[in-house]
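Please find one structure pasted underneath; my questions will follow.
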Amino acid sequence: MNFRQLVIKNVFRNKRTYAAYFLSSAFSVSVFFVYSLFIFHPDVKSGVNGGIAIQGMKAAEYIIYVFSFFFVLYSVSAFLKSRKKEFGIFIMTGMSRRQLNTMVFLENMLIGIASLIAGILVGIVFGKLFLMMGANILEIDYLSFQLPSRSLTLTIGSFMILFFIISLFTSLFVRTNKLIDLFQGSQKPKKEPKSSILLSLLAAVLLSGGYYLAATSTVLTIGFRFFPVIIMVIIGTYFLYTQLSIFLLKIVKKNKVFYWNKTNVIVISDLVYRMKDNARMFFLVTVVSTTSFCAVGTLVSFTVTGDEYHLNYPYAVSYYSTAQNQEKAKHLNIIEQDLEKQGLAYKKNEIVLKKAVIHMKNGNKNGQTVTVLSEKNFNKLARPLHVKPIQVSNRNAYFVQSSSMMQGNDEKKGNIEIEGQTSTLRSRGYVKKIVLPAYQNDYLQLVVSNDTYDKLASSAPLRTYTGYYVKDWKHTKGIGAAIEKQLDPMSKASFNYVSLGDAYAQTMQLYKMMLFVVLLVGCVFFIAAGSFLYFRLYTDLEYDKRQYATISRVGLTVKELNKIITTQLSLLFFIPIIIAVIHSVFAFMALQSFFSLSIAGRTGIVLGAFALFQIIYFLIIRSRYLFHIKKGIFTA
């Protein structure tokens with residue numbers, strides 16, 4: 001057998017250990033490759049958001065590449081640790097250090113090249129489907145399947161450099177070990193893990209503090225809390241696994257009744273050592289999984305923005321006009337004709353709006369311009385929306401919400417002085433139902449009595465608002481576009497309009513495109529997290545075979561073996577995922593502050609989908625692991 005044959009044989013002999021690493025690397029390559037197909041496709045820029053899509057996919061490629069570097073580096077170090085004894089035998093039988101380093105280098109290059117080829121082939125097979133999905137999201141009629149040479153060159157060049165650099169690093173890992181260390185491998189006697197009470201408390205404080213800050217975040221506070229919360233949770237998670245978990249398990253061991261009950265002594269004793277050995281792996285899996293959950297969950301949550309458009313713009317088409325607008329009748333006729341052509345029933349309302357400058361003695365609304373509505377006009381707009389009408393007596397007023405992002409507060413209560421008016425109004429509360437959308441950032445609206453409104457002199461030219469209420473508002477896409485073609489851009493100072501259908505369609509297209517980009521990156525992260533678990537499991541497989549073979553000789557039944565292994569694997573697979581889910585839930589609680597509608601349903605679907613895949617993965621690995629353990633016991 002020559003040296004090249006030895007390298008190939010080593011790879012095939014360790015195929016079970018290398019399987020997850022190979023598949024994860026191949027998947028990363030395939031995602032990187034299909035993104036490059038999209039980036040270099042000549043027809044992509046013709047879409048409305050084509051340029052944004054390309055920039056998003058470029059960013060995704062950078063993320064995948066950097067992540068792949070650290071993922072491969074971690075994977076290789078795990079493989080070397082599991083093969084220390086094998087390397088020691090090679091050296092004892094005459095292999096030089098240089099030959100050992102060369103062998104490890106060639107093995108990793110062989111696996112890297114194989115995963116590169118497999119990833120590109122998978123990318124070619126599914127590239128057409130990827131382009132079809134992208135064309136649909138970007139509203140491009142057709143994206144033909146093309147194989148740009150730049151896509152192949154970029155993918156092959158990038159990952160060949162990555163695998164080459166990592167393969168060189170592996171020789172450094174081997175060279176730093178003495179022969180006795182290599183021969184003993186990972187079977188050195190283990191000291192009982194120790195934990196620090198101080199660091200355990202620090203973990204609890206950091207996690208609790210991070211969760212509290214996230215859960216109590218508002219639109220105003222989330223910006224400066226963002227990075228402190230991330231740092232607190234990351235550090236807290238690390239000490240959770242390295243210190244607090246060991247501390248809690250030792251407390252459990254002191255409960256003799258529970259500890260000595262059936263197989264608990266085996267599970268808990270083994271778990272104490274495994275938690276210490278696997279602390280870094282648990283930490284990595286938790287961080288990577290949390291990143292994956294939050295990235296996908298955030299983009300899915302932002303689709304609620306489309307529904308919030310209807311809250312902010314209850315009328316499907318809104319048209320504002322000043323007295324200087326000579327085209328008002330023509331524009332309204334265009335809107336109505338377009339609605340009728342699309343078979344959309346509508347209710348039309350038109351009111352006159354005034355402006356006023358207000359001052360509040362117990363608030364900070366001094367000198368602020370507000371839009372003023374009469375009681376009659378407010379109720380007129382509210383009627384089709386099924387909003388409860390209000391009654392405003394003289395000398396009273398109500399502030400009205402004009403955006404779902406606004407928050408009512410006590411500041412809106414107090415005496416209101418209007419410039420140019422001798423009488424003072426009293427604010428009676430805050431109406432949170434939107435009936436009139438904000439216009440040109442005028443987010444503050446005031447409803448006064450009909451008499452007060454008639455006597456009020458406007459501080460700015462009068463404007464009329466014409467709103468068209470359409471029940472099937474999502475089908476109003478194109479109404480605004482039809483008007484746009486017939487408008488003189490120079491005349492826009494005298495009017496403005498908003499088509500809810502167009503705004504909704506454009507927003508949803510942007511978010512779907514972003515989700516399209518992020519979803520595959522999230523999958524890369526999640527699969528890598530599963531690979532970390534797989535590495536750890538099969539690194540300890542030979543040791544576990546010997547351990548369970550020894551225990552089985554003193555009366556361990558097959559049923560008890562199944563229970564022990566299932567419990568241990570469940571903890572290994574689901575502890576980091578459960579912690580990641582908890583982290584994500586509090587992150588989504590902070591994200592909720594951006595929305596008036598609940599995002600719980602959408603984020604729940606994302607977390608549930610990831611949990612389902614994890615359960616399926618667990619069942620597959622459990623079945624294979626039990627098979628290998630039982631095979632090792634019965635052949636021992």
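The backbone N, Cα and C atoms fix where each Cβ goes, glycine too.
According to TrEMBL, the record shows the following:
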type     : residues : note
TRANSMEM : 21-42    : transmembrane segment
TRANSMEM : 62-80    : transmembrane segment
DOMAIN   : 63-176   : domain 'ABC3 transporter permease C-terminal'
TRANSMEM : 100-131  : transmembrane segment
TRANSMEM : 151-174  : transmembrane segment
TRANSMEM : 195-214  : transmembrane segment
TRANSMEM : 226-249  : transmembrane segment
TRANSMEM : 281-304  : transmembrane segment
TRANSMEM : 513-535  : transmembrane segment
TRANSMEM : 569-591  : transmembrane segment
TRANSMEM : 603-621  : transmembrane segment
What average pLDDT does the predicted model assign to the domain 'ABC3 transporter permease C-terminal' (63-176)?
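Per the prediction, mean pLDDT sits at 82 for the domain 'ABC3 transporter permease C-terminal' (63-176).
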Verify whether three or more Cβ pairs under 8 angstroms connect the transmembrane segment (151-174) with the transmembrane segment (281-304), leaving out any pair fewer than 6 apart in sequence.
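No, the transmembrane segment (281-304) does not contact the transmembrane segment (151-174).
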Is the transmembrane segment (226-249) close to the transmembrane segment (195-214), in the sense of at least 3 CB pairs under 8 angstroms with a sequence gap of 6 or more?
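In contact, yes.
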The transmembrane segment (513-535) vs the transmembrane segment (226-249): three or more C-beta pairs under 8 Å (separation of 6 or more)?
no
Considering only Cβ pairs within less than 8 angstroms, which of the stretches 21-42, 226-249, 603-621 has the most against the transmembrane segment (151-174)?
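When the Cβ pairs under 8 Å are tallied, 21-42 comes out ahead.
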Which residue counts does DSSP yield for the domain 'ABC3 transporter permease C-terminal' (63-176) in the helix, strand and coil classes, in that order?
98 helix, 0 strand, 16 coil
